[in-house]
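> One structure, as C-alpha cells, below. Some questions next.
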Amino acid sequence: MSESWQQPPQTQPQQPQAPQPQHHAETPPALAEHTLPPGSAENPLGCAVYGILLQPDPGLQPPQHAPLQAGEPGPKCGVCGHDLAHLSSPHEHQCLAGHDRSFQCTQCLKIFHQATDLLEHQCVQAEQKPFVCGVCKMGFSLLTSLAQHHSSHTGMVKCSICDKTYKPAEAAEPATTTAPSLPSAPPPANIAPVEQPEKPYSCPVCQKPFKHLSELSRHERIHTGEKPYKCTLCDKSFSQSSHLVHHKRTHSSERPYKCAVCEKTFKHRSHLVRHMYAHSGEHHLFRCNVCELHFKESSELLQHPCTPSGERPFRCGECQKAFKRPSDLRQHERTHSAERPFKCDLCPMGFKQQYALMRHRRTHKTEEPFKCGLCEKGFGQPSHLLYHQHVHTLETLFKCPVCQKGFDQSAELLRHKCLPTSTERPFKCPVCNKAYKRASALQKHQLSHCAAAEKPLRCTLCERRFFSSSEFVQHRCDPAREKPLKCPDCEKRFKYASDLQRHRRVHTGEKPYKCPSCDKAFKQREHLNKHQGVHAREQQFKCVWCGERFLDVALLQEHSAQHSAAAAAAEGAYQVAACLP
C-alpha cells in the first residue's frame, strides 16, 4: 500500500490562506471538539494525535462522486445518490451501493466499507499495533482500544500539529477533519503530561499491582479459574484469547510464520524466534550476571534460581529447613499451619497446594459421556463402563484356570491364590517320594536333585547355578549384597574396595592423614577432622598476659587469676620496700 488515495476533483478550489494564530480558551476543549487537518502527504487519512496511518487498497478505486455544478442544490453520490451537502469532504461518505468497494484485504480478500475497519483487520492478522498513544507511546491493534486507553491519562495533552490542549479523558471519539490545513510543528519540549502512578490497579486477592485495568481483569481469572474462551473444535477452554488463537493452530495445518533464510514455516512466532538462533549463531542470548549461566529464552533466565555455591538463604522458622527460593519456603510453611489458601468454589473444602485443588475439582464434574445401553447410567471413563456392564451380563473377564473362579479385574486374578480344598497330593517325586498338590511344585522340587552340570545358568558373582531362567532372574546377585571382596589377612569380607582399603590399615598400621598443626597422624579422615576441632577451640581462648591458649573459658579464667595474684603480690612487695627507711 505505497500509493495514496487521490482526492476527487473539486469545481471550486479553495484559496490557500495564511495560518492564523491560535487563541486558546481558558478551559481546554475536549478531544471531540478539537479539529485536525485531513492529513499530509505522509499521512493522508490519519490523525496526528492518535498516530493513525490509513491508506486504501491501491488495486481498487473508490466510487467517484459527481462534482458540484452551478445551480444544483448540492453534491450527491454518483453511485447511490446520497446527499453530500452536509459533509465537509466527500471522503466522509463511503458508498455501500456499488460492488466496487474501496478497502479490500490483500491476504484474505475480505472487503470493508471503511479504511479503519481494514486497518484494524490487517493489524490483527499481522499482530501489529499501529494505533499509538500520544502521551505514553503505547501501541494498540484496535482504535477502540486506544480510545479506551486514553481515559487512563488525566493530564493535559498538547496536539502535535496546532499546539492546542485537550483532556484525553474526554476523548470518546476521534478528531474530525473540518479545519483548514495548518503547518505541522513539533510540540514544545518544556510541556510534559502530569505524572500518574505506574501501577494504579491492584488485585483484591493477592494485592499484585498492574498498570492497566485490562491486565488486572486478565490476572483475576487466575484466582477465579474462569476460562471464557472456548475452542469450537474440542472441549478445551482458555483464560486468554491469545492462548485460544495459538491452540487453534494445532487443529489446522496453518503455519503463518516463515523463516526468511531457509523458508521453514512455524505455527507460532516464538518458535520462529527460537529457530532464528540457529542462523545467527547466538544460541544463548540471556546470561545470568551472578553465575554466568546462559539461556536461550528470557523466561528460562527469570525462572533460574541463581544460588552460588548451593546457598539456601530462605530458612523455615519452625524446622530450620532451608530453601533456594522464597516460593518454595512459602509452600513449605503451609505444612506447619492450617492455612489452605486454595478454596473450591463448589464446596467448602480448601487445599494447601493448587494441584490438589485441580484434582479435587474433577470430582464435581457432571460430564458422563459414556452411557450404559441397558440402564442409562453414565460414566466418565470407558473402562468404568466396561466394568459396569459385567453386572448385566453376569460374566467375568478373568478366570482362574485351576478353580474356574471369575474376576472383573486382572489385578484381582493375580492376587488370587488358588488352593484346592482337598488334602490329596497326587504329584510324587520318583527320587524321594515327596508328594505335592500341584505339578508345578513337583517340577520345582525335582530341580534340587539335578547335578550342578545339568544347570546351565551360572551367576558370575557367586558361582551359583540355576536350571530355569526365572530362578536366575529372581536371584539378582549383585556386589552390593554379596560382599565379594575379602581381606587376605583375616578373611573378612566387604562390599566395596574403599571399605577393604580402610580395613587393611588395621593390619599395616598406616596413618596417611596427618594434622598440619601438630605431629599426630590418623588412619581415617573423619578422625583427623575430629582432632582438628581441638585446635580450632584452642584458638578461641587466649591469655592476654602470656599468650597461652586454652580449650575452655574456665581454664582461661583460672589461668588469668594466677597472673592477677602474681601481679598483686609484686605490687605489695614494691609498696613495702618503698616504706622502709
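Glycine too: its Cβ is placed from the backbone N, Cα and C atoms.
This is the feature table in Swiss-Prot:
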- 1-22: compositional bias 'Low complexity' (COMPBIAS)
- 1-39: region 'Disordered' (REGION)
- 75-99: zinc finger (ZN_FING)
- 103-125: zinc finger (ZN_FING)
- Lys129: SUMO2 cross-link (CROSSLNK)
- 131-153: zinc finger (ZN_FING)
- 201-223: zinc finger (ZN_FING)
- 229-251: zinc finger (ZN_FING)
- Ser280: phosphoserine (MOD_RES)
- 286-308: zinc finger (ZN_FING)
- 342-364: zinc finger (ZN_FING)
- 370-392: zinc finger (ZN_FING)
- 398-420: zinc finger (ZN_FING)
- 457-479: zinc finger (ZN_FING)
- 485-507: zinc finger (ZN_FING)
- 513-535: zinc finger (ZN_FING)
> Considering only Cβ pairs under 8 Å, which range in 201-223, 342-364, 513-535 makes the most contacts with the zinc finger (485-507)?
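Result: 513-535.
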> Can you give the mean pLDDT for the zinc finger (342-364), rounded to a whole number?
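81, rounded to a whole number.
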> In three-state terms from DSSP, label Lys129 (SUMO2 cross-link) for me.
coil
> Across the zinc finger (485-507), what are the DSSP residue counts per state (helix, strand, coil)?
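Secondary-structure breakdown of the zinc finger (485-507): 11 helix, 4 strand, 8 coil.
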> Could you count the residues of the zinc finger (229-251) that DSSP puts in helix, in strand and in coil?
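Tallied per class, the zinc finger (229-251) gives 8 helix, 4 strand, 11 coil.
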